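According to Swiss-Prot, the protein has these features:
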- 2-130: domain 'ADF-H' (DOMAIN)
- A2: N-acetylalanine (MOD_RES)
- 66-75: region 'Flexible and important for F-actin binding' (REGION)
- K102: N6-acetyllysine (MOD_RES)
- K126: N6-acetyllysine (MOD_RES)
Amino acid sequence: MATKIDKEACRTAYNLVRDDSSAVIWVTFKYDGSTIVPGEQGAEYQDFIQQCTDDVRLFAFVRFTTGDAMSKRSKFALITWIGENVSGLQRAKTGTDKTLVKEVVQNFAKEFVISDRKELEEDFIKNELKKAGGANYDAQTE
C-alpha cells in the first residue's frame, strides 16, 4: 500500500517547532500503518534521542540555536532516523517516503540520514549546522 501523509496535522507540528516563542524544539513524524503522522514532541533534545531506537524509522524536525557571539539564530535540521533492526524493505521505503515529509517540512538548513546513535549527538549536529551556515566570526570574540 502506498504511503500517505496527514499534511494538516504534520504542518501544525512543523509550525510549532518553527515558532521561536514555542518551547517545543523538536517533533517526530512516524508511521501509523501506511500514513505518516506527527509523533512525539518536546523541549529537550535528549528526549528526542530517546525516540530513536533500533527498531523504528522516523523523521524529525529539530530547532537548534546556533551562531556566534555576535548573532544567535535558530537553525533547523531534518533528521531521518533508521534503526539498525529496521528491515531492508522498510529502509528502502523510508527514502521515497521522505519526499512526502518534505512537502510539509520545507525550510531547514541541513538534512541528516542517521542510523548510528553517535551521530545524533547534539554537538555533532550543531557543528554540521554551523558549517552549513557560512561565515564564522568566532575569531572576533575576546
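Every residue gets a Cβ built from N, Cα and C, even glycine.
The two recorded residues, K102 (N6-acetyllysine) and the residue listed as 'N-acetylalanine', show a Cα separation of 16 Å. A2 (N-acetylalanine) falls outside any helix or strand according to DSSP and counts as coil. The two recorded residues K126 (N6-acetyllysine) and A2 (N-acetylalanine) have their Cα atoms spaced 34 Å from each other. Most buried of the modified residues A2, K102, K126, judged by other Cβ atoms within 10 Å, is K126. The helix, strand and coil residue counts that DSSP assigns across the region 'Flexible and important for F-actin binding' (66-75) are 0 helix, 6 strand, 4 coil.
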